[in-house]
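Chemist: This is the structure I want to talk about, given as structure tokens.
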């Protein structure tokens with residue numbers, strides 16, 4: 001993405017203020033040069049993986065899409081179904097594979113595979129089974145596509161993104177979890193619904209864990225460029241903190257509601273991940289709340305942990321993390337969210 005000569009001259013004396021807006025990722029690797037052939041691999045041909053595949057295909061993002069799954073018959077059926085729609089889609093080569101050699105040269109690898117919880121199974125045991133599963137997925141992806149950006153969608157996404165980082169040996173800027181990108185979309189929808197505006201005009205982030213300890217950044221929410229809470233205070237319009245917290249809880253519970261009604265979630269996460277893929281592959285440098293290595297950001301210093309922060313994404317993955325101002329309460333909750341994730345990680349022995 002070419003940077004215009006005026007894009008960095010907003011500061012005094014032509015100072016480049018981008019460095020003030022974004023804190024860069026340490027020990028990051030540069031973007032790989034584009035060779036004109038864009039290839040994405042999706043591991044896992046379940047409901048989520050196929051929703052991501054379908055959405056990516058309709059957005060004309062890739063020249064080649066590889067779907068990899070351990071169930072060859074289901075995989076072949078899914079790919080045939082997509083191939084039969086070729087007349088209605090941008091031209092893309094779609095491959096079914098069970099051998100990781102087929103993934104060679106991917107610019108983006110998306111992992112959706114994960115073990116399902118058995119009746120009566122503990123969360124820790126499920127986590128350990130997923131770690132074992134990732135031991136068979138991540139190293140071969142890294143071997144065949146050593147310059148790729150690796151995106152984890154499988155849940156619990158923050159912990160498994162950490163696992164993928166450890167297993168891949170990739171620099172942290174090329175490891176991303178889908179995190180709270182979808183949670184933030186749900187958050188924007190709920191706020192827009194309350195205010196009767198278009199969700200695209202709402203700027204709002206959920207950060208931290210993709211789960212119960214997530215943090216809503218109410219202090220930085222704006223609608224049409226108007227900061228919401230400060231506007232309400234200036235206009236002396238009363239609001240209750242309990243109401244705000246209830247909206248955050250609705251975001252957390254919304255996925256469970258979808259699952260209870262249709263059995264799984266798929267389309268929203270499909271659009272969410274396809275949006276992330278577009279930002280990365282087109283080097284759009286958009287800001288998304290995704291799971292990144294958070295150590296060194298917002299006072300998180302006690303250990304390596306992946307959680308969602310507003311991050312600028314581009315061809316090399318995570319370019320930097322936005323310096324959003326947090327209130328003391330938001331900062332405290334973010335620290336607690338990090339501790340929640342690290343407690344789970346400590347039990348995995350990685």
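Quick reminder: no glycine exception, Cβ is built from N, Cα and C everywhere.
For reference, TrEMBL lists these features for the protein:
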DOMAIN    38-177  domain 'Lactate/malate dehydrogenase N-terminal'
BINDING   44, 45, 46, 47, 48, 49, 69, 130, 153, 154, 155  NAD(+) binding site
DOMAIN    180-341  domain 'Lactate/malate dehydrogenase C-terminal'
ACT_SITE  210  active site, proton acceptor
Chemist: Only counting partners 6 or more residues apart, tell me which same-chain residues put their Cβ under 8 Å from the Cβ of residue 155 (NAD(+) binding site).
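Modeler: Same-chain residues close to residue 155 (NAD(+) binding site) (Cβ under 8 Å, separated by 6 or more) are 114, 210.
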Chemist: So how many of the residues in the domain 'Lactate/malate dehydrogenase N-terminal' (38-177) end up helix, strand or coil by DSSP?
Modeler: 66 helix, 26 strand, 48 coil
Chemist: Among 44, 45, 46, 47, 48, 49, 69, 130, 153, 154, 155, listed as contacts of NAD(+), what is the widest Cα spread in Å, to the nearest whole number?
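Modeler: Binding-site diameter by Cα atoms for NAD(+): 18 Å.
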Chemist: What is the pLDDT of the domain 'Lactate/malate dehydrogenase N-terminal' (38-177) when averaged and given as a whole number?
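Modeler: That stretch averages a pLDDT of 93.
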Chemist: Look at each of the binding-site residues, 48, 153, and point out the one with the fewest other Cβ atoms around it within 10 Å.
Modeler: 48
Chemist: I need the most crowded of these binding-site residues: 44, 46. Count other C-beta atoms within 10 angstroms of each C-beta and give me the top one.
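Modeler: Comparing the binding-site residues 44, 46, the most crowded Cβ belongs to 44.
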Chemist: Near residue 69 (NAD(+) binding site), how many other Cβ atoms are within 10 Å of its Cβ?
Modeler: 23
